[in-house]
Amino acid sequence: MTVFLVIIVLALLAVTGWQISKIFQLSKRHDADTSQVANDKDNKLHGILMLAFVIFLYVITIFCFWEYGRFYLPESASEHGGEYDTLMFISIALIMFVQIITQGLLHYFAYKYKGKKTQKALFYADNDKLEFIWTIIPVIVLAGLIIYGLFTWSDIMNINEDEDPMIVELYAYQFDWRARYSGEDNTLGKANVRFIEGVNQLGVDESDSYGEDDKIVTELHLPVGKPVLFKFRSQDVLHSAYFPFFRAQMNVVPGMITQFGFTPTITSEEMRESEYMVDKVKSVNEERNERNKELLANGEPTLDSYEFDYFLLCNKICGQAHYNMQMKIIVESEEDFNAWLEEQPTFGSTMEDQNSDSEDSEATESEEVPSEQENGTEEPQESDAVAVVDNEQN
Ligand SMILES: [Cu+2]
């Protein structure tokens, strides 16, 4: 209803404006210049407007850098991140330099050579030398940027298998993530969505012995300074694994495995203590405190105070709760990591537990009738909905 009212008000305002402009035209004196051709006065006004516009652009650019520069990400927390940031910085610096000069010249010339009654434009067909210069300079600069970018790209994307990276699967589904560590053998067991059933949420193949020691977790822990190779798998639609603090992103595509590897260099604790993060957390908490005052006044529950953690996010709009798709990442020392991983149950033991549980419940079900299922209270298995998705892999 509000939208409808706003549209009506806007339409009425437009009609009013149009009517007022007509009144102005009618009320003009008869000897006024009604020609559609621009005169010297018009040209001067437009020349000044051209200059004013480029000055406005420069002012707003400087303001944005000044005001919003603090929203840049902090120093990269991965080994390749530095290379990535340098490439980004050089590209942006070059673009900024060229655009500031060319935009300035463009608008200045529009002002300087504005139309005058007494002046006639010079007919200047072409100049081979000039054209050669303004073609060859961008060609050299762009070729340099592209070659530099390609080298950086292959540096980042080519995983050095000699470094013996730790293999971790990241599994995306609507709307969450799971991580699967490959265990002692550093080899992931085969998986396929057709095997999804009960606690086997990722569809790991029970008959594959490599899968037995795999560990499936809801929180991603990484040892600092150790290369990790992620294998991405999607259960349903296209997702995108996005690690902003590690300068990494990879599409997660149903039916295929994509991969990306990096080496984390800054632990969660170190990042929390960095000057950048201390300031950021402080300002977030100040805002939350302000908000809490309002919430308290309204008798609503207040917000917790914020503490920094790395996050893995989904960067593809994959459905209604896409914004909710995030997984905490903890970068820690190798000892802490090993201690944590030690505590996680293996896939083999989880399946054993399920099998013995179901045997128990089968035994009790035959005694106690009716069971939950017959009452229709049990939720349908997720596997029913996804088993049709073909996700062959090895
Ligand atoms: Cu997603």
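Note: Cβ is positioned from N, Cα and C throughout, glycine not excepted.
If you look up TrEMBL, you'll see 354-382 marked as compositional bias 'Acidic residues'.
Per TrEMBL, domain 'Cytochrome oxidase subunit II transmembrane region profile' is recorded for 65-160.
For the domain 'Cytochrome oxidase subunit II copper A binding' (163-343), the model gives a mean pLDDT of 89. The domain 'Cytochrome oxidase subunit II copper A binding' annotation in TrEMBL covers 163-343.
TrEMBL lists 345-394 with the feature region 'Disordered'.
The transmembrane segment annotation in TrEMBL covers 6-24 (among others).
For the transmembrane segment (45-68), the list of distant contacts is 38, 100, 103-104, 106-108, 110-112, 114: same-chain residues at least six beyond its ends, Cβ to Cβ under 8 Å. What TrEMBL lists as transmembrane segment is 45-68 (among others).
According to TrEMBL, the transmembrane segment annotation covers 88-111 (among others).
The transmembrane segment feature in TrEMBL is assigned to 132-151 (among others). Listed by sequence, the residues of this chain that lie at least six past the ends of the transmembrane segment (132-151) yet keep a Cβ under 8 A from its Cβ atoms are 87, 90-91, 94.
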